[in-house]
Number of protein chains: 2
Amino acid sequence: MSREVLMAAAMEVVDTNGAGAFSMRALGGFLDCDPTAMYRHFATKNALLDALVDSVVRDGVADLPESDDPRADIRANFRQLRRSLLAHPTLAPLVLRRPPGVGAYWERSDHAVAQLHRAGMDPADAANVYQTLLFYTLGHTLSEARQLARAVEKEGAGARGGPVAQVRPPAELHPDLSDVAPHLREDNEAQFLAGLDLILRDLPR
Amino acid sequence: MSREVLMAAAMEVVDTNGAGAFSMRALGGFLDCDPTAMYRHFATKNALLDALVDSVVRDGVADLPESDDPRADIRANFRQLRRSLLAHPTLAPLVLRRPPGVGAYWERSDHAVAQLHRAGMDPADAANVYQTLLFYTLGHTLSEARQLARAVEKEGAGARGGPVAQVRPPAELHPDLSDVAPHLREDNEAQFLAGLDLILRDLPR
DNA sequence: ACCTGAACACCGTTCAAGT
DNA sequence: ACCTGAACACCGTTCAAGT
């Protein structure tokens, strides 16, 4: 049994039953082998999960565009990170286990920073814009993933979650929030992109 | 045994041993009572953890300033959310279990949105700026908390973590990222505030 | 009315034993 | 060289039994 088929099987178990229900015993059952056989390839269950997370973070980086529009290329980068994470909603929160400076982020980070540079931004500003984009994307996407994950765990794989930032406070107590609530978009992707554009608002050129 | 002392004890166990080591049996041992006694007050271990998380999210909202500088007040709001979460680094990632529209966020959200309104921003823009600030803060703070938590689990309570976005890629492979890496601040709070200011950059007035 | 603790159905991981 | 499976030290939660 190769490391690759083991990871593929683990991802399948995670996606169908949820990361919470993933266990070495469950994986052993899925692969018809002893639960302890996996320790040949991964020192620990967490090491296996880290490898799965890294593969998701790296997913699709080879296809990132380098057009003549740096802003569009950056948008594509983070939009695709969001989509890769949402493809595995119960696994997504585990990205926090991987520091954002780890190898799995390098290509993606280099692409984003290169576009900021190309748009004429100096390194200090580029660093700030980059970190803001990254952490905003993680915060938004992980919040969305948790809601999706709840739906998956209840209704099984392929369920749809609701809007990520829906707020229904009592209007008497929280008037300002109530005014704004209707503008928190139903469409999570549109809301997400609006935040990216806000951060990229005055990108040079 | 009241619900309050139970939560206080649970928080103490979480902070000293890490949320990963928290269990009903550990809490029972700490309180010198049967591990199943807690089920009188909380239906489930997760319900107990959710209550802890809500108390952290609500922490300090009563003290949020309303000065004559809306931008400073908003900064104070999210800076304080960051600090409350970092005070319990191993618990912090569990905020993702609470949708950001839940009651624990209401006062805090209302305060932030009120300041945006006060600064002359229309509701649609305020909604976008608010959600961007919130998810950026969550992403940045949870990433930082994870590193702190790793240090706590290794060295015990009170340990210090390193910079949240430290990146050391091989310069030949990732030249742009390497240019920018030195500008990713050592000081996590300064880096965090720089991102807030970026998002709030052209707040009216 | 409240607490107890045995019991059930699980965990991750180790390691001696097999092939 | 690789897999197996018994065993260890844990889990969350339920429920009959105690007080």
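Glycine residues also receive a Cβ, built from the backbone N, Cα and C atoms like all the rest.
TrEMBL does not curate its annotations; it predicts them automatically.
In TrEMBL, the feature DNA-binding region is placed on B:23-42, out of the ranges B:23-42, B:83-102, B:103-122, B:183-202.
Shown for the domain 'HTH tetR-type' (B:1-60): DSSP residue counts in helix, strand and coil, namely 46 helix, 0 strand, 14 coil.
Looking just at the domain 'HTH tetR-type' (B:1-60), the mean pLDDT is 94.
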